[in-house]
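Pulled from TrEMBL:
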| type | residues | note |
| --- | --- | --- |
| DOMAIN | 20-304 | domain 'NADP-dependent oxidoreductase' |
| ACT_SITE | Y58 | active site, proton donor |
| SITE | K87 | site 'Lowers pKa of active site Tyr' |
| BINDING | H120 | substrate binding site |
Amino acid sequence: MLAPALEVPIQNGTGSIPTVGLGTWTVFGEQGNADEVEKACLAAIDAGYRHIDCAWCYGTQPGVGRALEAKIREGVITREDMFITTKLWDTHHNPSLVSEELKDSLTTLRTDYVDLFLIHWPLALQDQDMSGKPIAPLDADGKGIPAEHALEDVWKAMEECHRAGLTRNIGLSNFNKKQVDRIMKICTIKPSNMQVEVSPYFSNSRILDHCRQLGMTLTAYAPLGAPNRPWRETGEPNVFEDPVLKEIATVKRKTTAQVILRFHIQRGLVVIPKSIRTSRIQENIQIFDFTLTDDEMSKIAALDKNLRVFKESIGFNHKEYPFNEPF
Ligand SMILES: NC(=O)c1ccc[n+]([C@@H]2O[C@H](COP(=O)([O-])OP(=O)(O)OC[C@H]3O[C@@H](n4cnc5c(N)ncnc54)[C@H](OP(=O)(O)O)[C@@H]3O)[C@@H](O)[C@H]2O)c1
């Protein structure tokens, strides 16, 4: 077994985040595949992962909970060894639903706290109960039906969850600069983490730099560019076919995935690659035994194409849609 990965200290909060976490969004199917994710989590913990990235809307948290319980029972880990993130879904922005959703996540994750609770998107949708049906209420055009819950009020409810001991840290995901600044203006507990899309083709540098200056830790989602996404558009490039990345991988005797993940962590980011295959899960954490040179880092940085692949089309008409701003 590998030694647990390195960690990034949390400035605006408690503890530190292991640099490599396992993603648990299985893409296909409304409710995800919890059994597949359970096996992936078991393999990940055996491979040295101590960080799992979850969300209420992925529908895979029951699998994460079963894996955590099994590995704690086996004596491989304690709960304290693990860093578990979950996220507040769009249909639960009503401040009266925020802690209800987190408690629902805690039940499925089989734990009494998470380490990090993020607002998944700044896109409040029509209130729903915890049945998850529908995950996103849509209008006839396939756009999410918005709800009027101010982001500032949602943040206050997140702070209450922190005060109640349900989560050790709170943070944001997919917010733009103006939205981050609005939270900074009213918060009594600062956001400790920002989770955004980052890949070699999407550096997302401006929002990362802004949040870094505010003392937030930074997590790169879809760090491998979500190569198997079903909505890939014709002609969109795939990082795994990139000649620059392939050449650096050959020189380093590493895989393309390892080079990409190492690139991100040398930028000071936490990465949460998703895989359900044991060999890839192991591969994706074996990135602490080599270093990219400044020249290699510059060559990879030059691949940026500003190619965002998570555009969240259900939010296109929403007044808080985050990606109409420059960053
Ligand atoms: N905050 C947000 O809004 C948000 C949005 C998207 C994602 N996320 C989080 O970020 C995590 C990762 O993002 P993602 O799953 O979209 O994309 P990703 O991690 O960039 O890519 C995952 C895909 O790459 C494949 N893969 C993994 N390791 C590989 C390797 N070593 N070699 C070749 N292929 C490999 C996986 O296939 P196999 O499984 O078949 O190996 C999977 O199809 C998610 O699971 C979720 O936890 C958060």
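Glycine residues also receive a Cβ, built from the backbone N, Cα and C atoms like all the rest.
Counting Cβ atoms from all protein chains shown, the residue listed as 'substrate binding site' has 22 others lying within 10 Å of its own Cβ. Residue pair the residue listed as 'active site, proton donor' / K87 (site 'Lowers pKa of active site Tyr') shows a Cα separation of 10 Å. If you take the Cα of K87 (site 'Lowers pKa of active site Tyr') and the Cα of H120 (substrate binding site), they are about 5 angstrom apart, rounded to a whole number. In the three-state DSSP assignment, the secondary structure recorded for K87 (site 'Lowers pKa of active site Tyr') is strand. When Cβ atoms from all protein chains are considered, those within 10 Å of K87 (site 'Lowers pKa of active site Tyr') total 26, not counting its own. Within 10 Å of the C-beta of the residue listed as 'active site, proton donor' there are 26 other C-beta atoms, taking all protein chains into account.
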